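Record features, source TrEMBL:
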TRANSMEM  20-38  transmembrane segment
TRANSMEM  44-64  transmembrane segment
TRANSMEM  85-115  transmembrane segment
TRANSMEM  135-159  transmembrane segment
TRANSMEM  171-188  transmembrane segment
TRANSMEM  229-254  transmembrane segment
Amino acid sequence: MNEWWNLFKKEYRMTRTTTFIKLGILLFLGLWGLNSNWIPPGAILAPAFLLIVFAAFYPAIFMFKYINKEFKQAPHLWLHSPQPAWMLLSAKLVVGLAVMLAILLLDAVFIYMSISDLQQTGFSSANLTLLLRDSGFYLLSAIVGFSIYMASWSTLIIVVTASARKILGRYKWLAGFAAFYLGTWGVGKLQQTWLFERLTQWGAFRINLISANKIQFVNNQHGFPFGGIQIYTGQILIIVIATLALFALSSWLIDKKVEV
């Protein structure tokens, strides 16, 4: 555990300057947008929701960028590291997830402040708090799960690309493209098969985010009916297994002292 913690602190020190700069810029732009007189009320919502999408992909971008950078500048850190590759990758992933959560926290504050100022939305502050309380945990869980899954693919792509350097030379990017192709077209084809349906369509349960009798709009209209979202345990399990398998494959390639 001490070895992993030391790796985590190393990753944090390597990225903290750029991270604080990014968060500082985000904080400045958000406060400026909320307090600017010439920006219409609620106009900040569009970039704020786009920022959620960016945050979901941030760990994948983070892993791809910094692993690629280290493979190019200091490959010996990976090839001759006394720690197993899973420690190196997991420490880096946790740092990326921490930055993503910080971005989402700031973004949630900006969205809350923007919506609470818009009377035409029909939401009171109490209703907005109820909405965030009921759905926030599920939404955050979905974003974190999605971000880790995408990070596992970006990690495999850059590791496969580096692994093919000795064989393909300057065309090593073809190996990375093949991994990307497998992760898009291949997975899409798999999802259309009978086997995939059998593996995932079991253990159904429903998540009711908002009950209709709890939300009341400012104009005294009652809330809208919401039937909830049906999710299968099999879907969650197959994503967890796929994510672990992708990270395990990346770790195995690095531990086998691939040529980078």
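Every residue, even glycine, has its Cβ placed from backbone N, Cα and C.
Whatever TrEMBL says is automated annotation, not expert-curated.
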Region pair the transmembrane segment (85-115) / the transmembrane segment (171-188), three or more CB pairs under 8 Å: no
Leading contact stretch, 20-38, 44-64, 171-188, 229-254 vs the transmembrane segment (135-159) - CB distance under 8 Å: 44-64
Surrounding residues of the transmembrane segment (20-38) on its own chain - C-beta under 8 Å, 6+ positions past either end: 44, 47-48, 51, 99, 102-103, 106-107, 109-110, 113-114
